[in-house]
Amino acid sequence: MSKIVAVTAGAKGVAHTHLAAEALSATAQALGHQIRVERHSAEGVEAPLQGAEIAAADVVLIAADLRIEDVRFVTKPVYRTSTARAVTQTAAVLAEALALTGEETPQMTTDTGQRPLRVVAITSCPTGIAHTFMAADALKKTAAARGWEIAVETQGSVGSQNALSAAQIQAADLVVIAADTHVDDSRFAGKKVYKTSVGAAVKGAAKVLDAALAEGVVLGTNLADTVDALKAQRAATRSGPYMHLLTGVSYMLPLVVAGGLLIALSFVFGIKAFEVEGTLPAALMAIGGGAAFKLMVPVLAGFIAYSIADRPGLTPGLIGGMLAVNLNAGFLGGIVAGFLAGYVARWLRDAIKLPRTLEGLKPVLILPLLSTAITGLIMVYVVGTPVAAILAAMTAFLQGLGTTNAVVLGLILGGMMAVDMGGPINKAAYTFAVGLLTSSTYAPMAAVMAAGMTPPLGLALATLVAKNRFTAEEREAGGAAAVLGLSFITEGAIPFAAKDPARVIPSIIVGSAITGALSMALGCLLVAPHGGIFVLAIPHAVTNLGLYALSIVVGTLVTTGLLIALKKPIPAEERARS
């Protein structure tokens with residue numbers, strides 16, 4: 001008689017979960033085996049397995065149609081199959097699972113064969129010279145001694161080395177972050193993550209790995225977390241200039257938001273109140289327009305360069321961006337400066353070879369000096385003046401748009417915001433609008449934000465007024481989609497579009513395009529690039545507030561109407577169990 005612990009999880013509702021559980025229980029008991037089944041469904045986890053039960057088990061059987069974390073079963077043989085096979089071929093599934101109990105050294109397995117535990121790790125310390133690499137070596141040696149597969153990304157003073165790929169992260173069972181600096185963990189959404197200090201990994205890698213298995217935390221799986229995971233997956237697949245540009249934009253955004261809203265607040269006291277020196281409006285204008293807005297382009301350039309060359313790119317990028325401001329080259333000059341500084345710094349970093357004893361001079365002396373000099377001279381003598389002329393011409397054209405041309409531009413920008421919901425096309429429209437804020441051109445920003453809000457809002461409204469066209473899971477997600485839409489997070493529409501792209505995507509594109517066109521036609525202006533409905537409460541953040549809200553409402557209603565027209569009603573039985 002063998003002791004079996006099992007987990008069942010159907011991808012659609014509770015039916016498959018319970019059918020598989022009952023089939024396994026009945027068949028195992030008929031064969032004289034002990035079995036305990038943990039059931040996963042949309043309603044939560046039923047009858048969770050206890051540590052003592054897992055420890056006493058001879059084998060673990062996972063019948064699931066979605067990913068189930070199996071790190072807690074690391075010391076046991078684990079057999080995986082689908083819920084459908086567990087229902088239709090129960091005896092064969094049990095026989096194949098029990099065949100694993102004869103292994104001398106039980107390892108995590110799948111129904112395609114054995115495999116060791118897969119770990120990905122990041123190590124980083126403030127100085128980045130010694131402890132980063134010592135921690136990486138310690139984790140590698142300890143994992144190898146246990147027969148585990150491990151990949152370690154080091155984030156040192158000369159940038160990231162052995163960067164983890166999206167495929168490595170996707171395949172990993174466990175993530176370990178040993179760092180004394182901030183490490184972005186958004187790309188590990190849905191994974192079991194354990195964080196510790198770099199010193200702990202150096203002094204006790206074995207303890208760190210043991211603690212990671214026992215204490216690691218899995219990121220959540222509600223709609224908001226799903227959206228975050230999708231965004232992280234998209235970020236992981238970005239490469240080349242597109243990735244570098246979006247990195248710069250993401251770091252620039254807080255400055256644009258803070259600066260724009262402070263400028264708007266200065267107008268509360270009167271449109272020209274800031275002209276009186278020593279007053280609060282003058283101070284707010286100095287902070288927002290005089291400081292925050294002046295830093296926008298340098299930060300954009302600095303972090304484009306940082307994305308390309310890591311830390312060595314930051315100094316020449318920031319200085320190149322400041323030169324772009326001084327040369328009136330604006331955000332276009334900042335983009336050029338960022339890419340120039342990044343590639344120059346990366347080339348110097350790779351080309352300059354020093355003895356190990358002098359390696360510490362590269363990040364603090366040699367690279368900043370040479371990369372800044374080269375970038376600065378090219379900006380001053382080659383790039384600055386032509387780019388400034390291009391920016392001036394583009395700004396004059398946009399500010400002189402007639403109503404018809406403004407509507408066309410709004411249609412294009414609005415549609416782009418909904419095409420891929422946070423993807424490259426969406427980000428191209430958004431980056432274009434944000435960049436124009438530095439030239440005091442605010443209409444495209446208003447159109448872009450309004451158009452980015454309507455996809456999740458339209459879907460959320462549709463789940464309320466046309467419940468027979470959505471599953472229970474989708475109807476439940478509608479509330480979260482509404483919050484994401486109000487917050488200007490277009491990605492809230494992705495889970496709906498992924499399930500029914502042929503009907504959802506055309507509906508949201510039309511709704512967003514109409515919203516963008518209305519916003520431009522009605523002369524709406526927006527000085528802040530983010531915030532959704534929450535920024536509308538700030539006086540003077542939006543010009544023509546009532547008409548702007550009307551644009552969003554109309555686009556939302558159009559989206560909802562098209563969804564109702566295109567989506568067919570779902571049978572009642574399927575709506576109830578999905």
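Every residue gets a Cβ built from N, Cα and C, even glycine.
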Choose the correct range: of 204-224, 477-497, which one does Swiss-Prot annotate as transmembrane segment? Give that range.
477-497
Which one of these stretches, 4-24, 130-150, 319-339, shows up in Swiss-Prot as transmembrane segment?
319-339
Can you work out whether the transmembrane segment (518-538) touches the transmembrane segment (428-450), with the criterion being 3+ CB pairs under 8 Å where the paired residues are 6 or more apart along the chain?
yes
Long-range neighbours only, meaning 6 or more apart in sequence with Cβ under 8 Å: which ones does C125 (phosphocysteine) have?
H131, T132, A135, G156, A179, D180, T181, V198
Long-range environment of the transmembrane segment (428-450) - Cβ separation under 8 angstroms, sequence gap at least 6:
245-246, 249, 252-253, 256, 260, 293, 296-297, 330-332, 335, 391, 395, 398-399, 406, 409-410, 412-414, 416-417, 488, 515-520, 523-530, 532, 542-543, 548, 551-552, 555
Distant-in-sequence neighbours of the transmembrane segment (545-565), which means Cβ under 8 A and at least six residues beyond its ends:
414, 446, 450-451, 453-455, 457-459, 461-462, 465-466, 469, 503-504, 506-508, 510-512, 514-515, 518-519, 522-524, 526, 536
In the same chain, who gets a Cβ under 8 Å from the transmembrane segment (405-425) while lying at least 6 residues past its ends?
230-231, 234, 242, 432-433, 443-444, 447-448, 450-452, 454-455, 490-491, 493-494, 497, 505, 508-521, 555
Could you pull the average pLDDT for the domain 'PTS EIIB type-2 1' (1-99)?
82
